[in-house]
Amino acid sequence: TNIQRCPPPYSKTNLKSLFRLIIQDNVKKMAEESHRQDSAYLLIFIMLLTLTILTIWLFKHRRFRFLHETGLAMIYGLLVGVILRFGIHVPQSTSDVVLECAVNASPATLLVNVSGRFYEYTLKGEVSRGKDHQVQDDEMLRKVTFDPEVFFNILLPPIIFHAGYSLKRRHFFRNIGSILTYAFMGTVISSNLLVVVGQLGGDFFFTDCLFFGAIVSATDPVTVLAIFNELKVDVDLYALLFGESVLNDAVAIVLSSSIVAYQPTGDNSHSFEAMAVLKSFGIFLGVFSGSFALGMATGVMTALISFYFTKLRDFPLLETGLFFLMSWSTFLLAEACGMTGVVAVLFCGMTQAHYTYNNLSRDSQDRTKQLFELLNFLAENFIFSYMGLTLFSFQSHVFNPMFIIGAFLAVFLGRAANIYPLSFLLNLGRRNKIGMNFQHVMMFAGLRGAMTFALSIRDTATYARQMMFSTTLLIVFFTVWICGGGTTPMLSIYVTFAISFRVGVDSDQEHSVSN
């Protein structure tokens, strides 16, 4: 009889197999747990939007106009952020192992050799010494912090496209000269004034000051425009404010990207140099004009497709799907070509509203308008609720009191230096003058919102950029809650005291007289 001896239970071969089984089991459990957590975090945002919609209905039913839906979404986001930051603590996993090794840099990817098998680990962020118990809480906060590219590639395109697609072209082009002046000259004036504020930050370079001035100059009066739409204010005021904000966002994002290309010669790469400024200005013009041409070209291409493929009108679902994909691909194509998708998709929307819309079938016309209106509503409220949550979920906030105070003063002084002097110059050549009451409302309506937030969160790697992001959040909160909430009382005072300010105006009328 042959008697075979079994290998000892703790031989080298058995230990390797045991380690592999343990690691595979841990990986499987971690994947399942991560899937459940991701579903729970997405459910939180869905519930935030649901709660916001229900409260909006209640506000509209009660005719409560002192707080807009975007400000409400921010409040709900703040409450959820407080609960996640201070009310929920994830227990530390018993399988976590802390090993120390001295390296000169923090690699983005780490390969760990475990019993002859290599496992890949990615860098999540810095953990403070002596706070190992907070690793799980930090991981939870990271999961509710989205990749900034999600905002640019998914959330921003429908917002910007809807702005161009829903534009009232007649009133927009009737005031095109004034709108371009406010958008281009006003943005440059505001951003240059904000450059001075950067000196209060301490560790700011000249390029950081320029960048902060560019991103904070982007206005987003969505709250005020919604109130204007309900009250049916004078169409010239609506066109001026809406047109300025739409083009202002485009100018701000191109200006911020051209500032990144600011590279003076010499030892100090962050000093002021005239030739470098001219070079950045040339890049600005090239990127803006290229993005403009690309957006117009894709819009015309969509119009030609809808014109020549007339039988596509017999299938409204396919027609709407093609329209949607062509519109969204404009943004991605511009970004892939090194241009600015915001400018491209804006002018694509304006072109399609002028040419493509009339070639669509009746069903597709209704579907496209409703589709992008819905996407705009959901994306905008998602971003504002995420702003509130980020105040507590973002782990690298830098609050500098002097910088914050200086930024607030510069924002309002820059807005004043934009509106009042330019309005005076424009009135010299306008037949319908921009009255002082118009100017006061435009000054008050210079809110900061989704574009400013998206530009500031895109890069938070350095101390200066972290300070910009934290200050930008506070500016957005203040302008949306205070300026946005105070617009209705301001207009009510104008109407009550018979000040020359018109409401209840039909937006389809051909002529409108400014005060």
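Here the Cβ of each residue, glycine as well, is placed from N, Cα and C on the backbone.
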>> Suppose you had to name the range TrEMBL annotates as transmembrane segment; which of 71-88, 467-484 would you pick?
In response: 71-88
>> How about long-range neighbours of the transmembrane segment (281-309): same chain, 6 or more residues beyond its ends, C-beta under 8 Å?
In response: 250-251, 254-255, 257-258, 261, 319, 322-323, 326-327, 329-330, 333-334, 337-352, 355-356, 359-360
>> Checking distant contacts: for the transmembrane segment (40-59), what same-chain residues at least six beyond its ends satisfy Cβ-Cβ under 8 A?
In response: 65, 67, 69, 72-73, 76-77, 80, 143-144, 378, 381-382, 385-386
>> Out of 71-88, 321-350, 371-392, what stretch is closest in contact terms to the transmembrane segment (150-167), meaning most Cβ pairs under 8 angstroms?
In response: 321-350
> Near the transmembrane segment (71-88), which same-chain residues lie under 8 Å Cβ to Cβ, leaving out any that are not at least 6 residues past its ends?
Replying inline: 44, 48-49, 51-52, 55-56, 59, 140-141, 144, 223, 381-382, 384-393, 476-477, 480-481, 484-485
>> Do any residues, 6 or more residues outside the transmembrane segment (321-350), come within under 8 Å Cβ-to-Cβ of it, and if so which ones?
In response: 152-153, 156-158, 160-165, 167, 169, 246-247, 249-250, 253-254, 257, 287-288, 290-292, 294-296, 298-299, 301-302, 305-306, 312, 356, 360, 364, 368, 371-372, 451
